[in-house]
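The next block holds one structure in the form of structure tokens; read it before the comments.
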Amino acid sequence: MKIKTRFAPSPTGYLHVGGARTALYSWLFSRHAGGEFVLRIEDTDLERSTQDAIDAIMDGMNWLNLDWNEGPYFQTKRFDRYNAVIDDMLVQDTAYKCYCSKERLEALREKQMENGEKPRYDGHCRDSQCSHTDDEPHVVRFRNPQEGSVIFDDKIRGPIEFSNQELDDLIIRRTDGSPTYNFCVVVDDWDMEISHVIRGEDHINNTPRQINILKALGAPVPEYAHVSMILGDDGKKLSKRHGAVGVMQYRDDGYLPQALLNYLVRLGWSHGDQEIFSIDEMKEFFTLEAINKSASAFNTEKLQWLNHHYINHMPAEEVAVHLAWHVEQLGIETRNGPELKDIVKLLGERCKTLKEMAESCRYFYEDFSEFDADAAKKHLRPVARQPLEAVRAKLAAITAWTPENVHDAIQGTADELGVGMGKVGMPLRVAVTGAGQSPGMDVTVHAIGQNRSLQRIDLALAYIAGREA
């Protein structure tokens with residue numbers, strides 16, 4: 001059996017984490033089986049679909065590196081195909097025209113609600129012999145079976161059954177001639193030879209209707225797998241207040257795509273007790289049967305932990321590629337300073353996100369005229385003048401600018417003055433970084449560079465002289 005899956009978002013908003021997880025699961029299932037993955041944009045809602053949303057979906061998929069074999073297909077470009085199938089169904093009598101007015105349908109709905117019944121179409125036009133002309137307003141409905149049931153073996157939830165008596169005759173073409181979502185999906189899955197439909201559990205009620213239409217068309221019925229929803233850590237449906245933002249917001253906030261993918265794959269799927277998965281491991285181990293039926297809770301702290309792990313365990317060169325985007329957003333020019341891969345190595349332990357890292361690395365590239373007020377008040381006091389002058393002299397005398405020689409200069413200054421490293425290191429840290437926190441002084445001073453470090457020490461000495469005056 002040829003495995004072929006699809007991700008079919010509606011472009012009415014950003015690609016959120018739930019959609020991204022569904023895309024990932026569909027992608028992994030196809031890649032695990034050596035199959036194909038299709039991207040399809042379900043843009044039949046003409047009023048709500050936007051180009052911005054389409055761009056956001058594409059950006060999110062590309063950032064996550066979820067590549068596709070076919071597409072992107074757009075449903076709005078396939079209306080002729082859908083309508084041709086509907087016209088065929090009218091001829092085959094598996095669909096019929098419904099001329100019921102909005103007023104009649106609304107009255108029917110109100111009466112059913114009053115009687116405690118489930119609102120559904122009563123089939124008034126299903127077998128009507130009333131004469132109507134084609135130019136009268138009408139919709140086209142699918143002639144759903146009235147007996148029996150629809151049973152499908154959900155690959156996550158097991159067998160699910162719906163009585164056909166609970167399913168009314170679905171509208172498949174609107175009054176304006178446009179086909180409806182549920183019908184377009186069926187024709188697309190048929191034409192694109194989709195073998196497995198992996199989607200959110202909110203589509204479970206659509207499945208029996210779509211299966212009945214597929215059977216009426218004589219089309220093969222794909223396998224279905226419905227993924228549970230994602231909850232916030234308070235047990236409620238995930239929303240913006242939980243951080244349910246678009247995927248690209250996670251990029252903007254400094255998360256690596258590898259970390260987000262690792263987090264999303266574990267949000268409902270497991271392989272033993274393993275927490276960290278490379279993309280290759282995900283593809284090797286992923287099965288639909290290992291997806292949990294129950295809802296999963298989104299935990300930002302866990303995502304941050306994973307991101308910190310990836311920052312420190314991925315090759316620094318790869319992390320630096322993503323860091324470059326954040327540095328650019330801050331307008332930091334990196335030509336006259338250390339390579340970004342070295343920044344990753346220097347700041348990786350301290351920073352949980354790349355955004356934090358970009359904000360923290362500015363002093364490696366940009367000079368400053370003022371020091372952090374609290375740090376300067378505490379460490380750039382008159383008593384710090386002698387250690388700074390002494391360490392400056394040793395740093396200026398270095399001919400081979402290496403971290404080891406920088407370390408020896410700082411340690412040698414402390415030894416000669418008979419003071420602890422902190423008496424030299426803390427004033428030096430504030431002098432060269434402008435603040436009270438940084439990685440180790442030897443690697444920090446080395447990365448900043450000899451001339452720039454000496455100039456900043458001179459600025460600090462001038463600051464101290466001002467306090468002495």
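The first residue you see is number 1, and the count goes up from there.
Yeah, the Cβs are placed from backbone N, Cα and C, and that goes for glycine too.
Taking Swiss-Prot as the reference, the stretch among 122-126, 142-146, 237-241, 292-296 described by the feature motif ''KMSKS' region' is residues 237-241. DSSP assigns Asp127 (Zn(2+) binding site) to coil, not to a helix or a strand.
DSSP gives Cys100 (Zn(2+) binding site) a coil state; it is part of no helix or strand. The Zn(2+) site, placed at the center of the C-beta atoms of Cys98, Cys100, Cys125, Asp127, has further neighbours from the same chain whose C-beta lies within 8 angstroms: Tyr96, Lys97, Tyr99, Tyr121, Gly123, His124, Arg126, Ser128, Arg141.
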